[in-house]
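Listed in Swiss-Prot:
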type     : residues : note
CARBOHYD : Asn115   : N-linked glycosylation site
CARBOHYD : Asn231   : N-linked glycosylation site
TRANSMEM : 42-62    : transmembrane segment
TRANSMEM : 80-100   : transmembrane segment
TRANSMEM : 182-202  : transmembrane segment
TRANSMEM : 206-226  : transmembrane segment
TRANSMEM : 249-269  : transmembrane segment
TRANSMEM : 289-309  : transmembrane segment
TRANSMEM : 315-335  : transmembrane segment
TRANSMEM : 339-359  : transmembrane segment
Amino acid sequence: MSELRKRNQAAIADLSENIEVTETVELTEKKPETTKSTKGHIIDLIICVSGIYASFLTWAVLQERIATTPYGPDNKIFRASLVINTVQSFLAAAVGYAYLQYKQSRRAAKGLKKNTTVFDSMYTLKQLSLVALSQSLASPLSYTALKYVDYLTSILAKSCKLIPLMALQVTLYRRKFPAYKYAVVVLVTIGVSMFTIFHAAPKKASGAGSEHQLYGLGLLGISMLLDGLTNSTQDQIFRKNADITGPHVMCGLNLLTGVFTTVSLLTFSRPQLDTAIAFIRLHPEIMRDIVLFGLCGAVGQVFIFQTLEKFGSVVLVTVNVTRKMFSMLLSVVWFNHRLTLGQWAGVAAVFGGIGFEAWMKMKKN
């Protein structure tokens, strides 16, 4: 039962991993700005990051409840993670559209152009479809990989998401980054990896034989590439269309993801849908937790896509990969927990990378 709960919890955690993504003081890759404008960007970044972190805390509570709490006298646990993902996608699409209407109404009130069309061109539709497809495939691959690789390998892979992201931006979309940006990415990746290595207790995967580990590593690698494709393509959408905002992408992406996962539930994953319907009939209270989980995810996505629109995917992914480390640092302060020497070295590497980027940005401005 503990193994089942661990897998189910990992699967639901991947739902937030897909939409989430992170924190550095690199504000944008646009032209140098005035000090006043830079301060405004810092405030915006703090608000976005605080919103993302707060939403993760709420997600964690509801995730724990759905993944581990037995429902009813028969003590059944809900295992239909794809159903949860589908509900969350449609709820986030609705919240995104409401937020889009609000932001565009404010633009119109200022005499600016109003654009409430989510798919304003075939290019936008194609790019969002690509993102939705890659995002929908990445989570199941990552979850399946847990059967063949150990826990430490899995979380180390998640710590290295910045590398495939930048690699795809350079090779696929011909983006150019200053040399210091590569150094920052390496420092942050090494720091988070060290923090993970010197903390995680080894946990065996259910199928962790040597003959299966190569297969599991392959699944993890494909999942990381799909994550990189998701985030780099989102960046490209904003760069190619000045009228596209965070709410546009949030609404369109979640709508398409919901459609894809619904098709999957009606075809390849029909047994999961049937099981979920039967479970909900017996334990209707599960719907309350699923809807609350979806709404919390939708609110979190408002901050996520605001970060993506204003600061880019590199910042967003950095927030994601450093989130666990900052959470543990808070526990050190509040509960007097102790970190190992290796973990402190990892923290120093992360803050060194962030501080170096901040210094380069101020020097540039």
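Backbone N, Cα and C define each Cβ position, glycine as well.
Sequence-distant contacts of the transmembrane segment (249-269) (same chain, at least 6 residues past either end, Cβ-Cβ under 8 Å): 82-83, 85-86, 89-90, 92-93, 95-97, 99-100, 118-119, 124-125, 128-129, 131-133, 135-136, 234, 237-238, 301-302, 304-305, 308-309. Cβ neighbour counts within 10 Å, taken over all protein chains shown, single out Asn231 as the most crowded of the glycosylation sites Asn115, Asn231. A Cα-Cα distance of 23 Å separates Asn115 (N-linked glycosylation site) from Asn231 (N-linked glycosylation site).
Between the transmembrane segment (182-202) and the stretches 80-100, 289-309, 339-359, it is 339-359 that has the most C-beta pairs under 8 angstroms. A coil conformation is recorded for Asn115 (N-linked glycosylation site) in the three-state DSSP classification, outside any helix or strand. In the three-state DSSP reading, Asn231 (N-linked glycosylation site) counts as helix.
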